[in-house]
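Trainee: Here's the feature list from Swiss-Prot:
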- Lys96: active site, schiff-base intermediate with DXP (ACT_SITE)
- Gly157, Ala183, Gly184, Asn205, Thr206: 1-deoxy-D-xylulose 5-phosphate binding site (BINDING)
Amino acid sequence: MLKIGPIELESRLILGTGKFENGDIQREAVDASETNALTFAVRRMNLYDKDLPNPLESVDLDKYITFPNTAGAKTAEEAVKIAEIARAAGMCDMIKVEIIGDDKTLLPDAIETYKACEILIERGFIVCPYIQCDVVLAKKLETLGVHAIMPLGSPIGTGLGINDALNLSYIIDAISVPVIVDAGIGSPSDAAYAMELGADAVLLNTAVSHAKDPVKMAEAMKLAVHAGFIGAAAGRIPKKYTAQASSPTEGLEFL
């Protein structure tokens, strides 16, 4: 069971809901993933006018934890405003704080993220900041009181996988709140690797929504996250640079 503040999730795969070709594929992929939590940009949602299109109208949101994010925010003030809009609309108080500091790389702004987290914690939100693989920042955010840390695997939408396994592992080893690897996952092996490193969960979107078969990829990601989690718990063998036979040597004298 994954626990983020008071929120409990059976699945360790969190799925983004954007970029799907149509609502039917979106719904089938969400079902295949067996996720418990769906994340979405609050700015994309039609929260008040039921006559306007809703990008999640094909999904039965009553079955899932809604995990709104502040995508589109450039400052702490904007992120806090988006979070308050989500709360006023009756969404879950768990918020992914995403504040982009560079439009080309879509990398997060550490300073504005910290400021936003400080305010949102004071206002009673369950705060999950999206950050670069910076263990110093992660530790400061944990001290501040965030409920999870969401370091990127690689820049959003690139599918480059885990680009900085060393610094990601530093974060995993250094903090006690859940670590959710977010962004850059491109394949099931990327998701499994994140979990093998010791992450508590994986959040992804493009890897599923832009796959040739999003429904099959959603199932593959579900299995990969589960396999990586079990593998990490089982404990891999240490790496060695000398060969060691796996077969016994007894009986060779009779050959």
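Glycine is treated like the rest: Cβ placed from N, Cα and C.
Each of the listed features needs to be described in terms of its position in the shown structure.
Mentor: Remark: Lys96 (active site, schiff-base intermediate with DXP) has Thr39, Phe67, Pro68, Asn69, Thr70, Cys128, Pro129, Tyr130, Met150, Asp182, Leu203 as non-local neighbours, by Cβ distance under 8 Å and separation of at least 6 in sequence.
Neighbour list (Thr206 (1-deoxy-D-xylulose 5-phosphate binding site), Cβ cut-off 8 Å, at least 6 residues apart, same chain): Gly16, Lys19, Ile156, Gly157, Gly159. When secondary structure is read from DSSP and collapsed to three states, Thr206 (1-deoxy-D-xylulose 5-phosphate binding site) falls in the helix class.
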Trainee: Which site among Gly157, Gly184 has the most other CB atoms no more than 10 Å from its CB, taking these as binding-site residues?
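Mentor: Per the Cβ count within 10 Å, the most buried is Gly184.
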Trainee: According to DSSP, which of helix, strand or coil covers Lys96 (active site, schiff-base intermediate with DXP)?
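Mentor: Lys96 (active site, schiff-base intermediate with DXP) sits in a strand per DSSP.
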